[in-house]
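Everything below concerns the one structure shown next.
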Amino acid sequence: MSEETAARGRELTSTNGAVPGEPVKKDENSRRGNWGNQIEFVLTSVGYAVGLGNVWRFPYLCYRNGGGAFMLPYFIMLVFCGIPLFFLELSFGQFASLGCLGVWKISPMFKGVGYGMMVVSTYIGIYYNVVICIAFYYFFMSMTKLLPWTYCNNPWNTPDCSGVVSSSHQLNASLANATTSLVAGVSEVVNRTKRTSPSEEYWKHYVLNISDDIGNFGEVRLPILGCLAVSWCVVFLCLIRGVKSSGKVVYFTATFPYLVLTILFIRGITLDGAINGIKYYLTPQWQKVLDAKVWGDAASQIFYSLGCAWGGLITMASYNKFHNNCFRDSIIISITNCATSVYAGFVIFSILGFMAHHLNVPVSEVADHGPGLAFVAYPEALTLLPISPLWSLLFFFMLILLGLGTQFCLLETLVTAIVDEIGTDWIIRNKTVVTLSVAVVGFLLGVPLTTQAGIYWLLLMDNYAASFSLVIISCIMCICVMYVYGHRNYFKDVEMMLGFPPPLFFKVCWRFISPVIISFILIFTVIQYKPITYNDYVYPGWSLAIGFAMALSSVVCIPVYALYKISRSPGATFRERLKFACKSHPKWGPALQEHRTGRYAPMASEDTVEARPLKEKEELKEELKEEEKEKERKDEISLTIQGSNGSTNTHNNPNPSA
């Protein structure tokens, strides 16, 4: 038995283990797979954290909350909440090499947190791909000599439409002529009670053909449906081999947006009025630093933009090699994400400043956030640029890539959770089938969002599906790891994995500061709650009830599963069952045997990975002693056979190599 075990151990080490001082050519975890290299993991995580919110939410929050003064609470929240939580989730997933469900072997009663993460990722994955598909649609519509939202002389325009470029100059006007015509039309624009731009009417009446109520679905917008199919196909093809294929794609999808941002930035700062836009973006209003709302917005933006509690960070880190320095990665990725937000603000506000200059209105009147910025304000600004279709192509291509980087991780989170939970060899070999199934279901669930009422449902999901529920999930995760599993145990786990303990600052943040900030975000979210609206449309009460139901559907997983686990746990009293349900599963710890050292060290038996109790150790020693005695007895018998060359003895010996 001992020889066979040793042989298996050597085979396992040669296949999965890393020989010190030599480059690792194969996956460390051959059954599950690893990233091709650390660059792929970092780029994927950057693509996951850097998304559409960096372009359409951060700049808006910055100018609304005191411009440059907003940077102070923003970076404070990054240091005390963002980076610590990011490091916690990366180390959590990397240590166990499991997705957002499997990691809860750390305390099985809290597995509902993992299910909550899956529910959140499902909601976000459904509507996020619809936003990407609309960006695809605008990208395709930009492949023309004249952007279709430039003028007000289209069948979908209303009498209230007032373009920044006069339609009378459509046939022969250059940008200079169009700009001159603006001056004559400024008084008309200003005198209107409400100016409706061609880009806004193109968005509402042509792209969406929006209905008058969230309950009035109308017809499916076939062009949007087609783009949704294209978007899901792209996501599936990029994930067809899991992290092996997505890790290669991110070399492009995670880096090219920075090239586009740089091109747009260089173009933007050379435009008239761009400096005014940047000044408006950065000018600090220090009195707002004392406003609790500013700190709440800063904490919320850090929390949501980094993707905490979505399950994606745990999933991506689970494909790392065990001794990867995820501490370094968490700092690099978090700072890159926040720096991208600041950089995108310069790009956006240089263009908006240019637009405000031509309209002769304040920057605040052309600034917007969310879909209003991406598909109304910015496209309108693009019509004022020379060779506007080119800039439009670049802008929407950037949005597509930013969205895809996040969508890859959302889909991989769901697929990994399903595969890890079932865990059979068949499901691991046929992971592509699971990926295809999740993509098809995601496409079908996204079809209602392509109807005439789709934008109402999209915004409802965006505002409720991943709002306060994420805060609750993250807070409970911190409590479980630090106080149920035990902070000392977790610090030892991190030290065993990285070779050094977490810095004192992170220990303090994990135990005290970050949970307090998360609680502050939750309280702030509740106090500042306002019913959702879309322009002048006020959502009816029944739709808000659906929104709250979506938000609670992820949170309710936590107590429901906890009660289920307690009821199924052994014990005579509730306290005993509760204690057993909170206790770590015997298989909790590093996935590979060569990494299970110290308190995770396996014993000689190959059919177990957990450390045996003392009683079993003694029994195992007795078994080994009996084997040795039996071997010695047979050796003595063989010596009594005269004239034998040992062949008979060898034939009868079950362990000839001994």
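Heads up, the Cβ atoms here are built off N, Cα and C, so glycines get one too.
Sequence annotations record features per position, and here TrEMBL assigns region 'Disordered' to 1-31 (among others).
The compositional bias 'Basic and acidic residues' feature in TrEMBL is assigned to 1-11 (among others).
Outside the transmembrane segment (41-59) by six or more residues, the chain places 35, 128, 131, 243, 246-247, 250-251, 253-255, 257, 281, 301, 304-307, 312-313, 316-317, 319-320, 324, 329, 332-334, 336-337, 340-342, 344-345, 348-349, 367, 369-371, 373-374, 398-399, 402-406, 408-409 with a CB less than 8 A from a CB of the stretch. Residues annotated as transmembrane segment in TrEMBL: 41-59 (among others).
Taking a C-beta cut-off of under 8 angstroms and a sequence separation of 6 or more, Ser305 (Na(+) 1 binding site) has the following same-chain neighbours: Ala49, Gly51, Gly53, Asn54, Arg57, Phe58, Asn337, Cys338, Ser341. Taken from TrEMBL, the feature Na(+) 1 binding site covers Gly47, Val50, Asn54, Ser305, Asn337, Leu402.
Residues or ranges marked as Na(+) 2 binding site by TrEMBL: Ala49.
Proximity of distant same-chain residues to the transmembrane segment (71-92), defined by a Cβ-Cβ separation under 8 Å and at least 6 residues beyond the stretch ends, is recorded for 62, 103, 106, 284, 289, 294-295, 298-299, 301-303, 306, 308, 313-314, 316-317, 326-327, 329-331, 333-335, 338, 342, 474, 477-478, 481, 493-494, 497-498, 502, 506, 509-510, 513-514, 517-518. Look at TrEMBL and you will find 71-92 (among others) tagged as transmembrane segment.
Look at TrEMBL and you will find 113-140 (among others) tagged as transmembrane segment. Packing against the transmembrane segment (113-140) from elsewhere in the chain are residues 52, 99-104, 207, 223-224, 227-228, 230-232, 235, 309-312, 314, 371, 374-375, 379, 392-393, 396-397, 399-400, 403-404, 406-407, 410-411, 413-414, 417, 442-443, 445-446, 449-450, 454, 457-458, 461-462, 465-466, 469-470, 473, 476-477, 480, 550, 553-555, 557-558, 561: each is 6 or more residues past its ends and has a CB under 8 Å from a CB in it.
Positions annotated as disulfide bond by TrEMBL: Cys152-Cys161.
Cβ atoms under 8 Å from those of the transmembrane segment (222-240) belong to residues 129-130, 132-134, 136-137, 140, 207-208, 246, 249, 253, 404, 407-408, 411-412, 415, 432, 435-436, 439-440, 442-443, 446-447, 450, 454 of the same chain, restricted to positions at least 6 beyond its ends. Per TrEMBL, the feature transmembrane segment maps to 222-240 (among others).
Among the features that TrEMBL reports, transmembrane segment is placed at 249-269 (among others). Sequence-distant contacts of the transmembrane segment (249-269) (same chain, six or more residues past either end, CB-CB distance under 8 Å): 39-40, 43-44, 46-47, 50, 238, 275, 278, 340, 343-344, 346-347, 350-351, 354, 385, 391, 394-395, 397-398, 401-402, 404-405, 408.
The transmembrane segment annotation in TrEMBL covers 302-319 (among others).
Feature annotation from TrEMBL assigns transmembrane segment to 331-356 (among others).
What TrEMBL records for 390-411 (among others) is transmembrane segment.
The list of residues near the transmembrane segment (432-458) in space but at least 6 beyond its ends in sequence, with Cβ under 8 angstroms from a Cβ of it, reads 122, 125-127, 129-131, 133, 208-211, 213-221, 224-225, 228-229, 232, 235-236, 239-242, 371, 411, 414-415, 418-419, 534, 537, 539, 543. Residues or ranges marked as transmembrane segment by TrEMBL: 432-458 (among others).
Annotation comment: TrEMBL describes 464-487 (among others) as transmembrane segment.
The annotation transmembrane segment is assigned in TrEMBL to 508-529 (among others).
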Against which stretches of its own chain does the transmembrane segment (541-564) lie, if we need a Cβ under 8 Å and a gap of at least six residues from its ends?
109-113, 115-117, 119-120, 123, 214-215, 456, 460-461, 463-465, 467-469, 472-473, 476, 531-532, 581
Cα distance, Leu402 (Na(+) 1 binding site) to Cys152 (disulfide bond), nearest Å?
31
Short question: most Cβ pairs under 8 Å with the transmembrane segment (302-319), which of 331-356, 390-411, 464-487, 508-529?
464-487
Starting from the Cβ centroid of Gly47, Val50, Asn54, Ser305, Asn337, Leu402, the recorded Na(+) 1 site, name every other residue in that chain with its Cβ within 8 Å, sequence order please.
Val46, Tyr48, Ala49, Gly51, Gly53, Thr340, Ser341, Gly405, Thr406
Pick from Cys152, Cys161, Leu402: which of these recorded positions has the biggest number of other Cβ atoms within 10 Å of its Cβ?
Leu402
Cys161 (disulfide bond) and Val50 (Na(+) 1 binding site), distance between Cα atoms, whole Å:
35
If you draw a 10 Å sphere on the Cβ of Asn54 (Na(+) 1 binding site), how many other Cβ atoms land inside?
24
To the nearest whole angstrom, state the Cα distance for the pair Gly47 (Na(+) 1 binding site) and Cys161 (disulfide bond).
38
